[in-house]
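Read the structure below first, then the notes.
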């Protein structure tokens, strides 16, 4: 039987955030405001989708799932970072680090697959508009959403088991503000090459599959637009797909820079910046992108805001 490696490290310490008190306070205020804005934007979007009958469609069902993921992503990492900045509580237990890592990878994997499902939804809406209600049925939408969440959880379970069954017996300072794969692997006493390879292969297969679905969907949309060549078709297609395309570019850009590369390319300063862009700005910008590009979402948000004002 293969012997399981148990960790000798009971806790980890987050390092890298500024030690200067005045900078820490400034960063705390900045990140707190971004976090609160992210929560407010995504919660408002979820309320608007769930309370407006005009938004009971597959597109907005998946958008609601995306907003839920954008609520979870910063909530997993930002509160701990804010505590480190304000109260200097930079320590996290081994089990806490494991849970944070598992939760974050689950959200990332699920969001990758969900964006691919949303791309397919946009393809059906543009290329098969008359058959759209029958193809994107309630049952299929529920199955696709459940499949993305289940696959994200299973993918995270594999990654977490590969990382946290290594031996950790030396340094325990994580060069990041949360428990991510590269900085945790860098602390292991064991050889990580084989596990890094498995992680890269699994992440590559999952990410490339979702990327292929997204790219093929948009290629089909482009070919359909060129084949029709009718007046106003470009504007209609862009209004249908523009928001999703912008979110895809933003998500894939930051995710690829953060995860899809071997550990020898790991750069502390660059990765902290990219991680903050992915972990904080992407969830903040997603509801803004959809609300600015979609008239129905705008109207629904205005109703929600007006109701909140009346209640206050």
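Any Cβ shown, glycine's included, is placed from N, Cα and C.
For 25-48 (among others), the entry in TrEMBL reads transmembrane segment.
Taken from TrEMBL, the feature domain 'G-protein coupled receptors family 1 profile' covers 41-290.
Marked as transmembrane segment by TrEMBL: 60-78 (among others). Non-local neighbours of the transmembrane segment (60-78) in the same chain are 31, 35, 38-39, 42-43, 45-46, 49-50, 100, 103-104, 107-108, 110-111, 114-115, 117-118, 121, 141, 144-145, 148, 177-178, 247, 279-280, 282-283, 286-287, 290, 297; each lies 6+ residues outside the stretch with a CB under 8 Å from one of its CB atoms.
Taken from TrEMBL, the feature transmembrane segment applies to 98-120 (among others). Within the chain carrying the transmembrane segment (98-120), a Cβ under 8 angstroms from the stretch's Cβ atoms is held by residues 59, 62-63, 65-66, 69, 72-73, 76-77, 80, 92, 144-145, 147-149, 151-153, 155-157, 159-160, 163-164, 178-181, 184, 206-207, 209-211, 213-214, 217-218, 244, 247-248, 251, 255, 259, all 6 or more beyond its ends.
Taken from TrEMBL, the feature transmembrane segment covers 140-158 (among others).
Annotation comment: TrEMBL describes 197-225 (among others) as transmembrane segment. For the transmembrane segment (197-225), same-chain residues at least 6 beyond its ends with a Cβ under 8 Å from one of its own Cβ atoms are 109, 112-113, 115-117, 119-120, 122-123, 126-127, 151, 155, 158-159, 162-163, 181, 233-234, 237, 241, 245, 248, 252, 255-256, 259-260, 262.
Summarising the annotation, TrEMBL assigns transmembrane segment to 237-261 (among others).
If you look up TrEMBL, you'll see 273-292 (among others) marked as transmembrane segment.
Non-local neighbours of the transmembrane segment (140-158) in the same chain are 58, 61-62, 65, 102-103, 105-114, 117, 202-203, 206; each lies 6+ residues outside the stretch with a CB under 8 Å from one of its CB atoms. Across the residues of the domain 'G-protein coupled receptors family 1 profile' (41-290), the predicted structure has a mean pLDDT of 84.
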